[in-house]
Amino acid sequence: MALLVDRVRGHWRIAAGLLFNLLVSICIVFLNKWIYVYHGFPNMSLTLVHFVVTWLGLYICQKLDIFAPKSLPPSRLLLLALSFCGFVVFTNLSLQNNTIGTYQLAKAMTTPVIIAIQTFCYQKTFSTRIQLTLIPITLGVILNSYYDVKFNFLGMVFAALGVLVTSLYQVWVGAKQHELQVNSMQLLYYQAPMSSAMLLVAVPFFEPVFGEGGIFGPWSVSALLMVLLSGVIAFMVNLSIYWIIGNTSPVTYNMFGHFKFCITLFGGYVLFKDPLSINQALGILCTLFGILAYTHFKLSEQEGSRSKLAQRP
């Protein structure tokens, strides 16, 4: 009986963790979009706030023994910290200049780009069926972008740069974790302050600092509270991702990501009244089919690899 109670509690904890991640992941997209649309807060400055709050949050976490920091040489993290800046800044610029549907769908292109990088730069091979799933993903993104009545060329440039830098960042994070033998929180603990320092230097060259529209400009209390809330939620997203992967698996997190993908798209059309044509809807379904097929084939191949290892004498 006690064992059954423990199992039920465990399932409830995981369900609560997944629900929390769902809420904060969707909330951060809509909140950032709201800040851009209704307050006009500068992009790089918002990213800087996110990085600083994330580092402060991680500092509190390590003081509470949630994780143990590991000493890392800063010189080996410079490129990673720079790509971290790039991926968050360009992703936020994509959100600022595109509809939520186009922003969310463009992010799906990260999978094909990661596969291309690993194939050409790291000589990693992928099965034919995995490669074929890239066709519906890419076709769906093209369909949605082509028929988007709010199509924005600058927004698509930012989306493309965001996908490229995000893909590089994700590949490098995996490589650095393996190379330095650290987990994601230990890596982020060093990365966040380095990225904050880089943005602190860059912000004055691209955005006003003290004048109208600057980070220290005459903002309303509501705008400042929303920016601070955005930073706290961004940290919660990172923390909940780490908790979910640690208590379930990366596969569970990715499968749950498909549900968040659909909810975020739907919320964008409801909250911000983004128009949706039939062809765009077909593009979304096409991309979603490709993502689900990719996940299914990837799972099958991982299970096959485990079975072969288990059968070895």
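These residue numbers are counts, starting from 1, taken along the chain as shown.
Just so you know, glycine gets a Cβ as well, placed from its N, Cα and C.
What Swiss-Prot records for this protein:
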TRANSMEM  17-37  transmembrane segment
TRANSMEM  40-60  transmembrane segment
TRANSMEM  77-97  transmembrane segment
TRANSMEM  126-143  transmembrane segment
TRANSMEM  153-173  transmembrane segment
TRANSMEM  187-206  transmembrane segment
TRANSMEM  225-245  transmembrane segment
TRANSMEM  252-272  transmembrane segment
TRANSMEM  275-295  transmembrane segment
Residue list, the transmembrane segment (225-245) vs rest of chain: Cβ under 8 Å, 6 or more residues beyond ends.
14, 17-18, 20-21, 24-25, 27-28, 31-32, 34-35, 39, 41, 46, 49-50, 52-54, 57-58, 61, 183-185, 188, 219, 252-253, 256
Mind checking which residues reach the transmembrane segment (17-37)? Cβ under 8 Å, same chain, six or more beyond either end.
43, 46, 92, 95-96, 100, 103-104, 223, 226-227, 229-230, 233-234, 236-237, 240-241, 243-244, 247, 256, 259-260, 263-264, 267-268, 271-272
